[in-house]
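> Mind looking over this structure? Questions follow.
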Amino acid sequence: MAARCSTRWLLVVVGTPRLPAISGRGARPPREGVVGAWLSRKLSVPAFASSLTSCGPRALLTLRPGVSLTGTKHNPFICTASFHTSAPLAKEDYYQILGVPRNASQKEIKKAYYQLAKKYHPDTNKDDPKAKEKFSQLAEAYEVLSDEVKRKQYDAYGSAGFDPGASGSQHSYWKGGPTVDPEELFRKIFGEFSSSSFGDFQTVFDQPQEYFMELTFNQAAKGVNKEFTVNIMDTCERCNGKGNEPGTKVQHCHYCGGSGMETINTGPFVMRSTCRRCGGRGSIIISPCVVCRGAGQAKQKKRVMIPVPAGVEDGQTVRMPVGKREIFITFRVQKSPVFRRDGADIHSDLFISIAQALLGGTARAQGLYETINVTIPPGTQTDQKIRMGGKGIPRINSYGYGDHYIHIKIRVPKRLTSRQQSLILSYAEDETDVEGTVNGVTLTSSGGSTMDSSAGSKARREAGEDEEGFLSKLKKMFTS
């Protein structure tokens, strides 16, 4: 039980299901939240309040100014108050609706409302019937908590004794729902919609279009202008973006006087917002375009030239403007049979002969932009890397180029001529750092090695004992 009175109003918490009986006429049980009280005798607040303790507070009764509480000689009066029963008292907390703590700042409240309003906007949740209700609840909560006066009143009395449409100094019963159109509230705060048409505002909630583009390795590394087919919302070609059917006229909007803006009274505040009748155009379309239906924009299939920046990677997504819209393109880069990529660096293999590895020389390697002359130092080992600075991929978010690393691979022949085999056997005789054995070479007791007689005689017949072969020269070079 609670009672609060002032010179202007009296707020009494009435017990249900039955009001206290008064001699002459008794109060009837409330029907559908409406109470009619006919009082024909003296009424005092203590006597009336004492009868409420048995049932407990369940309803709100507001007695308006001019009611005599201690006694009156004038005719019986009628006090009729529309109110909700215990259900409104269980309304979800505004702070919980916005997901903010009770001590949240105005910046936090605005940020929470913005994020949730975008998430539950009816235009982005057309298949969810509860989205519109949730969107309205968010507007209702933000309308109260964004006003410091209303917020203090809500913190003190809660939704049961607060009317968001009233001013900070006036109290009345709870009406429920926001006093401003949720759509208008959203536009006013976050729409940036003072001079745009309603069709343009709708595009804010369109899902971004995503496309996949196939690229070769070289196209991704060096960049390319590639023609691409997209479906985008662009200016309607039939009405040229005007929205009305060609040959027809538009009507002046009398709702906003042609200004495109309307004034909304929200109690102690006056708010200027986009006209709900014409959507900010200042005019009404009588005969909408049959293609865009008055929006001024229509979905069109267009072939556009997409400038692919040099250095994009596989799976990378970029945002590109196309007409008045933006699209997202995810690149799928094919693997190269020559190059391997590591950021801005590329790697490739270069096969050289045994002679090139031993004696050194030059070789030609395929580069990303041109053929590269590679210098092979003597004694090059397999898998040794040779760095070619600045021959890699452009750095997409920086300056300069990556490097090209060439991995040396020594190509060993699978088949030898008799001459080549004899020369290799001659070279193997003088090798001392061999672990294991070599076919055709026999180890001696002193630790040296000699060719087998059959292999040696055959080699001498073909090569000639007095002829110095290629590998013999190599042997002298390494043993001298």
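Cβ coordinates are placed from backbone N, Cα and C, and glycine is handled just like the others.
Note that the structure is predicted; figures quoted are calculated from it, not measured.
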> For the candidates Arg293, Arg332, I need the one that Swiss-Prot annotates as omega-N-methylarginine.
Arg293
> Can you tell me which of these residues Swiss-Prot lists as omega-N-methylarginine: Arg18, Arg58, Arg364?
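Checked Swiss-Prot: the omega-N-methylarginine annotation sits on Arg58.
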> Out of Arg25, Arg238, Arg419, report back the residue that Swiss-Prot marks as omega-N-methylarginine.
Arg238
> With respect to Swiss-Prot, which of the residues Ser23, Ser259, Ser398 bears the note phosphoserine?
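Among Ser23, Ser259, Ser398, the one Swiss-Prot marks as phosphoserine is Ser398.
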> Taking the Cα atoms as reference points, how far is Arg293 (omega-N-methylarginine) from Cys278 (Zn(2+) 2 binding site) in Å?
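It is 14 Å, counting Cα to Cα.
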> Give the distance between the Cα atoms of Cys256 (Zn(2+) 2 binding site) and Cys239 (Zn(2+) 1 binding site), rounded to the nearest whole Å.
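Just about 24 Å between their Cα atoms.
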> What's the CA-CA gap between Cys236 (Zn(2+) 1 binding site) and Cys253 (Zn(2+) 2 binding site) in angstrom, rounded?
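Here the two Cα atoms are 23 Å apart.
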> Write out, in the order they occur in the sequence, the residues of the chain not among Cys236, Cys239, Cys289, Cys292 that have a C-beta within 8 Å of the mean position of the C-beta atoms of the recorded Zn(2+) 1 site.
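Here the nearby residues are Glu237, Arg238, Asn240, Gly241, Lys242, Gly243, Asn244, Glu245, Pro288, Val290, Val291, Arg293, Gly294, Ala295, Gly296, Gln297, Ala298.
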> Filter the recorded positions Lys134, Arg238, Cys275, Cys278 down to those whose C-alpha lies within 10 angstroms of the C-alpha of Cys289 (Zn(2+) 1 binding site); answer none if the list is empty.
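The recorded positions close to Cys289 (Zn(2+) 1 binding site) (Cα within 10 Å), listed in sequence order, are Arg238.
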